[in-house]
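Here the structure comes first, spelled out in structure tokens, and everything after it is commentary.
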């Protein structure tokens, strides 16, 4: 079987599917497109353990992107997944990342951004999606309780950087990673939009993040440990 990496595209927008396929073809990356999560699952392609990654919209008719991730996890198939979301669906993107998605992009997106993200994901991906091991009694890493794991050096550094945030910056961090716009953050906290933008920039600088996906990953890395500290 060929180990050529494949990008599995799942989106109900035929125009977007075709555009993405043409985009990947232009740089010699093979792609296969599906109009629904059910169509991907029924194809059995992921069970054939081809190398690659999954690019799926979180809002799909029938089986949503979230449900698709749940089904794959239940089947023991672990494939690097990038979710496509509208800005207002950031909470769903956070949920997807909790289910194992490695990143997300928001519509509308720049083609070059998609290419760079997919290439980075393919470079970091294993040779093939992990198929279930019927003899194993160990849960996949994505299903293990993060609160029971010791902090890694990276997480410890992130926690230390988080503690340098002012109380207001922590509030802005929580609001932004909950999917709120700068205007919504400003209204919620009773500050100007410009002030909200200033605090957001400070948060990103202190946490050493480049974009919203980075901030979301930081929140997911921190939340269990912060909750455990609150409960003490």
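Heads up, the Cβ atoms here are built off N, Cα and C, so glycines get one too.
The annotation compositional bias 'Low complexity' is assigned in TrEMBL to 125-138.
Confidence for the domain 'Response regulatory' (6-122), expressed as mean pLDDT, is 89. The domain 'Response regulatory' annotation in TrEMBL covers 6-122.
Taken from TrEMBL, the feature domain 'HTH luxR-type' applies to 158-223.
When secondary structure is read from DSSP and collapsed to three states, residue 57 (4-aspartylphosphate) falls in the strand class. Taking a C-beta cut-off of under 8 angstroms and a sequence separation of 6 or more, residue 57 (4-aspartylphosphate) has the following same-chain neighbours: 10, 11, 12, 13, 65, 83, 84, 85. Look at TrEMBL and you will find 57 tagged as 4-aspartylphosphate.
Positions annotated as region 'Disordered' by TrEMBL: 125-147.
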